[in-house]
């Protein structure tokens, strides 16, 4: 990311073509270059972006509450969420750090479109939604959740706006030309007619065919076992040219566990191995190589030399085999518990730790980074368990106290939020759209990350789940506040639940007293 940012700053687009150039997206490097240009450090820039996104969300959703103090309280809750100051999120220079801000912008503009019926008020939100969408797809690969969310919301918009829904075409008017522009830049610099090689290239086609090879047995987090690679090399002379390097990688790579390479490393290992063989001298040579591999694999499938299985047309999604689906379902409770307990969150205080031999960062580290001073996971000890035994003082200590408070009350707040949400559902409150929207977003994100953890690599980590903590707290707090105002305004009686329970109990007694009818033999 740092090198890509340097290249953008120097007017070289993404720099020289390698196996890693067109795979991670340009938005985060562009963001860093912008911060460099205006002379702002990355921590400050990331924090300011989050503050702006939080203000935007609270401003757009201000009509949810008659008591405006609730919007300010929600803003403070968003601002003090542990995601905003923990070691692997805002203290780390990593592209996923933009996730919380992006999801807040996404929810803001989706709600802004929903609540308005005048075209002149819808257009600014459509433009904002389009720009947010572009920032996400050029930052992270796992944006399937967003596509599902947009499809659902656009169907709702069309139903609600009727003829006015034609204005939604503004979204495509912004998205399509921007994608074409990025493609033209890649074409100009690399001769590449794609925005991401993992999504759309001959490599992605060949890799998806490798995943289609039915394995001899199911292996946890492994879609392409060594046996499947061997079968592929037997039928593909082109892929066989990498055989020596592949076998060497399986013997020496630290990523190999029990003789296999998990899905999370397979893509990058294959590309690195091919690069060592000279495949990535240019985009043209890589396309020719993987294009030939793809043809040979397709031919082998047609001639029944390889047994095929069902896969999803994506290089990032492991095949939904019965084994993978079963593992996925078993892993969901683990993810939910991890999120609800704010597990692993911790904040490191630079002023406290800079002179420690177990410090995460030193002045020397900052000088190497030059114009990007930031907190980073530069570990100074071989035993990372020692990091948990440090004494925290100063600012880091205050933030760890806040984190501790979240860890203790999160389960109660979210449970209360669910109860309030259920009551709002029965009361048919129209303001429930934000709790519904955030619950849907939370569910999609949790399912996506859980599936990745169950089938690909260890993804249940809070820097991957960062947006979930934001959407979940919004769901709970807005549900509580909306119901509280309904009770205050007399829309829902305080004995509402008691009345419902009494009615259910009475109907249960009546059903027990009703005579049993015998129809004879």
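Indices start at 1 and increase along the chain as displayed.
Yeah, the Cβs are placed from backbone N, Cα and C, and that goes for glycine too.
TrEMBL: automatically predicted annotations, no manual curation.
Among the ranges 44-60, 197-213, 214-230, the one that TrEMBL lists as transmembrane segment is 44-60. When TrEMBL is compared with the stretches 375-396, 463-484, the one noted as transmembrane segment is 463-484. Which of 6-25, 166-185 counts as transmembrane segment depends on TrEMBL, and there it is 166-185. Of the two recorded stretches, the transmembrane segment (409-426) does not lie close to the transmembrane segment (72-90), with fewer than three CB pairs under 8 Å once pairs fewer than 6 apart in sequence are set aside.
Ranked by number of Cβ pairs under 8 Å to the transmembrane segment (143-159), the listed stretches 44-60, 72-90, 96-114, 166-185, 463-484 are led by 96-114.
Between the transmembrane segment (96-114) and the listed ranges 44-60, 72-90, 166-185, the one holding the most Cβ pairs under 8 Å is 44-60.
Below 8 A, the CB atoms of the transmembrane segment (72-90) and the transmembrane segment (44-60) form 3+ pairs separated by six or more positions in the chain. Among residues of the same chain six or more beyond the transmembrane segment (433-451), those with a C-beta under 8 A of the stretch's C-beta atoms are 61, 64, 103, 106-107, 110-111, 114-115, 142, 144-145, 148-149, 152-153, 317-318, 324, 328, 331-332, 334-336, 339, 417, 421, 424, 459-460, 464-465, 467-468, 471-472, 474-475, 478-479, 482.
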